[in-house]
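Chemist: The structure follows.
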Amino acid sequence: MESLSQTIRPGAVNFKSGIPNNNFIEEVLLCANLKLLAMQLTLEFGGGLELLCNSLKIHKVNVDPQDGEKLTMKHLLAWVRTNLIKERPEMFMKGDSVRPGVLVLINDCDWELSEQLDTVLEEDDVVVFISTLHGG
Amino acid sequence: MPVYMSTVRTLMEPNGNGLMADEESKICSEIESLEAEKAQIDLRISALRAQLNSCNSNSNSVRKEESDVTNSGDLRPTGVSSNGQLSADMVYRYSRHLLLPSFGVEAQANLLTSSVLVIGAGGLGSPALLYLTACGVGRVGIVDHDVVELNNLQRQIIHNEANIGRSKVESAAAACRAINSTVQIVEHKEAFRTSNALEIMSKYDIVIDATDNVPSRYMINDCCVVLGKPLISGAALGLEGQLTVYNYNGGPCYRCLFPTPPPTTACQRCSDSGVLGVVPGVIGCLQALEAIKVAAAVGEPLSGRMLLLDALSARIRVVKIRGRSLQCEACGENATMTAQQFRYFDYEKFTQSPLSTSPLKLNLLPEDARITSEEYNERVVKGEAHVLVDVRPAHHCKIVSLPNSINIPLGSLEGRLSEISASLEREGGNKSVDASQGASLYVICRRGNDSQRAVEYLHKMGFTSAKDIIGGLESWAHDVDPKFPTY
C-alpha cells in the first residue's frame, strides 16, 4: 500500500531507473502548490446541529492547515466555530471542544477511538458532528 | 366571542345543506357510541386474556423452573415442551421463521423463552411492541403512565381513535393480545422511576428504551447496568433517528458515550420540534429487530456501533463508537452505581430537566407587563389601537395565527425593531388615539415563553409598554376561542 501511494504521489521520482517521471516538472509545481493549498474536507452536521449553520447538513470546505502542514481537530473546531456556526455557538462548543451530547465521527469512527482534539486530519476526510437525540 | 375573522383553513367545510348536516351528525354520534362500546368490549377481552394467561402460567411454572436462571418471573412458553419441541400451533404460526436457515427452530425456541421490557408505548414503542409480540417473544412488558391523545396517532400506530383518553399501556396491551394471544403481556401502568425501576426491570431479559427524555435515558441505562441487562436504545426527532445497543457483551453503556448530560437547551422534544411519524416507526422496528437478535442469540447486535438515519436524504450510516470506558461512572472500573445508589440518584437534578414531558412555564416578567388572552380580547373588541407581534417561527404561523398579527420570529427580533416602530406609528395615527399614549404593543407565541423573552428584550430596547399575552395561543384557544386550532 505504501509503495503504491508513493508511485502516485506528485513529484515522485522513479528511483529504480533514476529517471524522473515524464510529468516531473508539473508535479514538482503541483507539489509546491499543495503545500499552500487548503485541505479539502467534508463536514456534516446532524441531530439538530445543522440549525446552527443555516440548516445546511453537508459542507464541502477547504481549511488551511495551521502551521502550513497539519490540521488537527482542535484547529478544525475553531475554524468551524468562526466560519460555519451562525448562531448560538454554545450549542456546538464548550471550551475548545464540542459540548456534552455531541458525537464527533471522523470517517465514520468515534473520535474517542483516535486522538480526539489532537487527531490529525487528512485530505478528503469526512467529519460528522451529531447531536444525540432523545425524542421518541 | 372570538374577534378575528377566520383565517384558519379547515380541512372539512361544514355541509351547507341543513338536512344533510342533521343526518351527518346523527351518523357521527352513532359511530361514536358504537366505537366506545367496541373499545369497552376489546378492553374486557384483553383483560380476560391476561387473566387466562396468568392461569396458564401458574400451571406451567413447575415445568419452567429449571430452564430459566436469569428470570425471576414465571415465563410461560405455551407450545414449547420441556425438550424444546414446538407444538403444532407454534410450528404453523412461526413457520416463516423456522424456514430461515440462519434462524430456525433453535432461535425461535430462544425467543419463546425470552422476555423483553418496552419502556414507553409511544412512537418508538408502538412498532417495537407489535413486532415483538408478533414474533413470539415469551413475555412482553409495557411501561407508560400516559394516556392516548389524538395528536399521538400520527406516529403511535399501536393506538387507535377509540382508545383516545385511555391508558397507553391498556391500549397497547389490547392491540398486542389481539395479534398474539400466546404471548404474555404484562401491563405496568406507571411512570418508570428509581423507586419501581429495579423491581420492574428485574423480571425481564432485555430492555428497550422507547422514552422521549434525557433523565429517563440515564435512569434506564443505569438500571440496566446495575441489573446487567442489554439495552436497545432508540431515539427519533424531526427527520432523524439513532439506534444502538448498550451494555451488551462488554460494549459501552449510555454513560460511556455521554458521561455529561447535554445542556437543557439542546434537548428538543417532538412536541416542540415535530417528528415525521414514520421516522420513530423505522427506529422502533429496528429496536425490535435488535431485541430479537439478542433474545434469539443470532447475528451481530448493534453494540459498539450506532446507526444514524437521515430520512430526508435517505441516508443510513452505521458508525463505530467507543468501547466501554474504564472511567465510566456507571459501568467503569471504579463505578459506584449500585442498586442502593441508583434508588437515591436524582436524575432530574443530574440532567436539569424533568422526567415528565410537561412543557416549560417561564415567569420572567412583572405582572404589569402581562395580560391574559381574555383581557387582550376585550381590548380588541373595544377597538384599542395596538400592534400584535407573533414571535413564533414562520412555519408555525402557517399552521394558524391571529389576524392582523405581524410575524417576527424571536431570533430575528433584533434586526426588525424598526418594523415594530413603523407599525406602532401607523396604528397610533389611524385610530386617532391620544397622541401621548400611542398604540399599545402586545407579543404572543405558542405557549407564552418566547413572548416573555421577547417582551424582556423589547423593554430593554425602549419599547417599555410591550406586554406579553399570558399562555400564548394555547390560552387563546382555551379561554377565548375553543375553535382555534391547537397543535
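Heads up, residue numbers simply count up from 1 along the chain you see.
Positions of Cβ are set from backbone N, Cα and C atoms, glycine also.
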Chemist: Where TrEMBL shows B:GLY123, B:ASN151, B:ASN152, B:LEU153, B:GLN154, B:ARG155, B:LYS168, B:ASP212, B:ASN213 binding ATP, which of B:ASP144, B:ASP205 is named for the same site?
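Modeler: For ATP, TrEMBL names B:GLY123, B:ASN151, B:ASN152, B:LEU153, B:GLN154, B:ARG155, B:LYS168, B:ASP212, B:ASN213; of B:ASP144, B:ASP205, the listed one is B:ASP144.
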Chemist: Per the record, ATP is bound by B:GLY123, B:ASP144, B:ASN151, B:ASN152, B:LEU153, B:GLN154, B:ARG155, B:LYS168, B:ASP212, B:ASN213: how many Å separate the farthest pair of Cα atoms?
Modeler: 20
Chemist: What is the nearest of the recorded positions B:CYS253, B:CYS328, B:CYS331, B:CYS445 to B:GLY123 (ATP binding site), using the Cα of each?
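Modeler: Closest by Cα distance to B:GLY123 (ATP binding site) among the recorded positions B:CYS253, B:CYS328, B:CYS331, B:CYS445: B:CYS253.
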Chemist: Cα-Cα, whole number of Å: B:CYS331 (Zn(2+) binding site) versus B:ASN151 (ATP binding site)?
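Modeler: Pair distance, Cα basis, whole Å: 38 Å.
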Chemist: With a radius of 8 angstroms around the mean position of the C-beta atoms of B:CYS253, B:CYS256, B:CYS328, B:CYS331, what other residues of the same chain does the Zn(2+) site pick up?
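Modeler: Not counting the recorded site residues, we get B:VAL225, B:TYR246, B:ASN247, B:PRO252, B:TYR254, B:ARG255, B:LEU257, B:ARG324, B:SER325, B:GLU329, B:ALA330, B:GLY332, B:ALA335.
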Chemist: Which number gives the other C-beta atoms within 10 angstroms of the C-beta of B:GLY123 (ATP binding site), all protein chains shown included?
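Modeler: Here the count is 30.
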Chemist: List the Cα distance (Å, whole number) between B:CYS253 (Zn(2+) binding site) and B:ASP212 (ATP binding site).
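Modeler: Answer for this pair: 18 Å between alpha carbons.
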